[in-house]
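Pasting a structure below so you can have a look.
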Amino acid sequence: MTEEYWKGVDKIQYVGHQDKKSGLGFQYYNPEEEIMGKKMKDWLRFAVAYWHTFDQRLVDPFGDGTAQRPYDKYTDPMDLALAKVDAAFEFYQKLGVDYLCFHDRDLAPEGDTLRETNANLDKVVDKIVEYQKTSGMKVLWNTSNMFTNPRFVEGAATSPYADVFAYSAAQLKHSLEIGKRVGSENYVFWGGREGYESLWNTNMKQEQEHAAKIFHMAKDYANEIGFDAQMLLEPKPKEPTTHQYDFDAATTIAFMKEYDLDKDFKLNLEGNHANLAGHTYQHEIRVAREAGLLGSLDANQGDKLIGWDIDEYPSNLYETTAAMYEVVENGSIGPRGGLNFDAKPRRSSFAPEDLFLGHIVGMDSFAAGLRVAAAMKQDGFLDSLKADRYSSYKSGVGADIESGKADLKSLEAYAIDKPQSELIAATHSDHLEEIKDTINHYIIDTLSK
């Protein structure tokens, strides 16, 4: 019988508004409850990130790791890797999630050659596949870590060294094969070092062409082996490079269109990455969904007082409400999307149970956001605001502009003799403060029921 790793933790249940001191439990996430005709678990499709949850030691630039994990007794790298799989699947069962996400290098130690590394990885994947058969766990997405090893010091696909490009392509090939084995619904590309430190020594066009080339290779090989996954690019503006090529949603969409990738690729968007790019999470989701390219979401939050990626568990209800409003407007997160918790406990939250507590606050925060977003959508609150605001385009000159009937000459004839008083009289206050106050009331009222 497999050792119990997460002792003292039972399966997390929906407890509603019981006193939080009554124990671990969800206050707002009730997986089977229907919201706007769909179960909460189907709206949210929560996933656990293998790297932050089971590998992260809570290090920072000024101190060693503080994490206490129930598998720390294992010292042999392969024994540890296999023990983590046992611990992970117990964690998934107790938390009550259906999906996991992983990088290839999260799972197993590297060998001296790619052949040795692949052999290590295959042993761990064999065990994951066996657990999938008995647990029903699915993989939301998998990916390749092509940023940690020193070989990727100047990128993977965008490296100036052809040997590194070749190695990256070979690593990617095996990662796609693993994706097929575990039935991954999506495949993510996050280019942690696909950018530059300085433009003085960078051939930007060549590097971006190489990135596009490897993306096309990946899609072609996935088709060849019958790996039917949605391909996703994940924007981030910087860190670890000074400037990453997939800066934000708009930049990445432009890149996709430039290199004919937008038919096969969509976006995986992260809250903290949006903040680093100077945007709200809602902004990035809006840009992607209005382009028809929203694929999946990474759930975390940043700290606006801190200028780097901290991957904190989401707890800001205003932000989760805004994000979930975009999802409700879209009808889903994406064709195969979900909410992956790319998040870790704070360095001072080092106990094993903090991993459960972090996921609970994140899952509850997005479930709460879904409840509030659905209430606003069903009431038509924001829809009516926008309809009123743009009502001048429903008739007269506005209708001519919308239909394409108007041109510069006809619009000059319409506007040339209009006095300023008439133009100003046509404008109306947005009452933004009232809108924000109303949203606050929706949050308070919906979550107190």
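Each Cβ is built from the backbone N, Cα and C atoms, and glycine gets one as well.
Sharing the features that Swiss-Prot gives for it:
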- His103: active site (ACT_SITE)
- Asp106: active site (ACT_SITE)
- Glu234, Glu270, Asp298, Asp342: Mg(2+) 1 binding site (BINDING)
- Glu270, His273, Asp309, Asp311: Mg(2+) 2 binding site (BINDING)
Spatially, which candidate from the binding-site residues Glu270, Asp298, Asp309, Asp342 is nearest to Asp106 (active site), comparing Cα atoms?
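Spatially nearest to Asp106 (active site) by Cα position is Asp342.
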Write down the Cα-Cα distance for Glu270 (Mg(2+) 1 binding site) and Asp311 (Mg(2+) 2 binding site), rounded and given in Å.
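Their Cα atoms are separated by 9 Å.
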Kindly assign His273 (Mg(2+) 2 binding site) to one of the three DSSP-derived states: helix, strand or coil.
helix
For the recorded Mg(2+) 2 site, enumerate neighbouring residues of the same chain (Cβ within 8 Å of the Cβ centroid of Glu270, His273, Asp309, Asp311, site residues themselves excluded), in sequence order.
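Result: Lys236, Gly271, Asn272, Leu276, Asp298, Asn300, Gly302, Ile310, Asp342.
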Please name the residue among the recorded positions His103, His273 whose C-beta has the most neighbouring C-beta atoms within 10 angstroms.
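Selected residue: His273.
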Taking the Cβ of Asp342 (Mg(2+) 1 binding site) as reference, which residues of that chain separated by at least 6 in sequence fall under 8 Å from it?
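Looking at Cβ-Cβ distances below 8 Å from Asp342 (Mg(2+) 1 binding site), excluding near sequence neighbours, one finds Ala49, His52, Cys101, Glu270, Asp298, Ala299, Asn300, Asp311.
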Could you say which of the binding-site residues Glu234, Glu270 has its Cβ with the most other Cβ atoms inside 10 Å?
Glu270
